[in-house]
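Working notes, structure below.
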Amino acid sequence: MTTTQPVIGVLALQGGVAEHLAALERGGAVAEPVRRPEELAGVHGLVLPGGESTTMTRLLDTFELFEPIRERLAAGMPAYGSCAGMVLLGSRVLDDRSGQDGLRDASSAASVRPLAALDVVVRRNAFGRQVDSFETDLDFEGIDGGPVHAVFIRAPLIEKVGSDVQVLATVAPAEPTPPERGRQESSRSEPDVAAAETSAGTIVAVRQGPVLATAFHPELVGGDERVHRQFVHMVRAC
Ligand SMILES: NC(=O)CC[C@H](N)C(=O)O
């Protein structure tokens, strides 16, 4: 349409690239896939999509994009990460509770190397097997027009935030699942309990300056691009 539309890149190494490109276009941006440093240089902001943060870490190295993206972020480029993208934008990454407690920071040689654009501690695959994937409606600070429908897929959550980080949405405490009639209490599996505790009041969307992150996938909800529109506004404001 016009030159006033910001150009927003979507990191296109793996994951839900097409959905983000479409949501950004609907949200008022010119959206471009980014696979090479030269493509990164031409965008005003960048979306890091969902997928697998370990795989994306490897691909960022292979495509020689880790350092250029880190530098742009350090220089104030607006960014939005969903799910695995949120993991990559964090400062420290914890593994899921079933694995070793892999506390990793931006300087360690680990399977997930975060870009450290957000002062948060992120736990991968945090919701446990019972709620591996789920959908819910969330109040989202700064987004009008009612709750945002949120799709969580093997989602991370944010365990700690720095003082400059604004919490935009949390998952409400889960209702404990009543045991089925006639079912032995002892037959209830561990993950039921663990999942209920983990999802209680946990942080699933944050903003720090020009960086936005959600543990869920708004790009998968057709007909509602309010989160992407919010990011387009953030890019315009920079
Ligand atoms: N839907 C997703 O992006 C899943 C994220 C994935 N579990 C990870 O840790 O990278």
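Just so you know, glycine gets a Cβ as well, placed from its N, Cα and C.
On a predicted model such as this, the values are computed, not experimentally measured, just so you know.
As recorded in TrEMBL, the features of this protein are as follows:
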type	residues	note
BINDING	Gly51, Glu52, Ser53, Arg124, Ile153, Arg154	L-glutamine binding site
ACT_SITE	Cys83	active site, nucleophile
REGION	171-199	region 'Disordered'
COMPBIAS	178-191	compositional bias 'Basic and acidic residues'
ACT_SITE	His217	active site, charge relay system
ACT_SITE	Glu219	active site, charge relay system
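Sequence features, as recorded in TrEMBL, placed on the structure.
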| residue | record | CB count, 10 Å |
| --- | --- | --- |
| Gly51 | L-glutamine binding site | 21 |
| Glu52 | L-glutamine binding site | 17 |
| Ser53 | L-glutamine binding site | 28 |
| Cys83 | active site, nucleophile | 28 |
| Arg124 | L-glutamine binding site | 25 |
| Ile153 | L-glutamine binding site | 18 |
| Arg154 | L-glutamine binding site | 16 |
| His217 | active site, charge relay system | 24 |
| Glu219 | active site, charge relay system | 26 |
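Once the Cα atoms of Gly51, Glu52, Ser53, Arg124, Ile153, Arg154, the listed binders of L-glutamine, are compared pairwise, the greatest separation found is 13 Å.
Rounded to the nearest whole angstrom, the C-alpha distance between Ile153 (L-glutamine binding site) and the residue listed as 'active site, nucleophile' is 8. When the C-alpha distances from Arg124 (L-glutamine binding site) to the active-site residues Cys83, His217, Glu219 are tabulated, the minimum falls on Cys83.
Counting in whole angstrom, Arg154 (L-glutamine binding site) lies 16 from Glu219 (active site, charge relay system) by their C-alpha atoms. Listed in chain order, the extra residues whose Cβ falls within 8 Å of the Cβ center of the L-glutamine site residues Gly51, Glu52, Ser53, Arg124, Ile153, Arg154 are Gly50, Cys83, Ala84, Val87, Asn125, Ala155, Pro156. In the three-state DSSP scheme, Glu219 (active site, charge relay system) falls into the helix class. Across the fold, the C-alpha of Glu52 (L-glutamine binding site) and the C-alpha of the residue listed as 'active site, nucleophile' stand 9 Å from each other.
Neighbours of Cys83 (active site, nucleophile) among the recorded positions Ser53, His217, Glu219, defined as a Cα within 10 Å of its Cα, are Ser53, His217. Note: the Cα of Ser53 (L-glutamine binding site) and the Cα of His217 (active site, charge relay system) are spaced 15 Å from each other. Here the CA atom of Gly51 (L-glutamine binding site) lies 13 Å from the CA atom of Glu219 (active site, charge relay system).
When the alpha carbons of His217 (active site, charge relay system) and Gly51 (L-glutamine binding site) are compared, the span between them is 10 angstrom.
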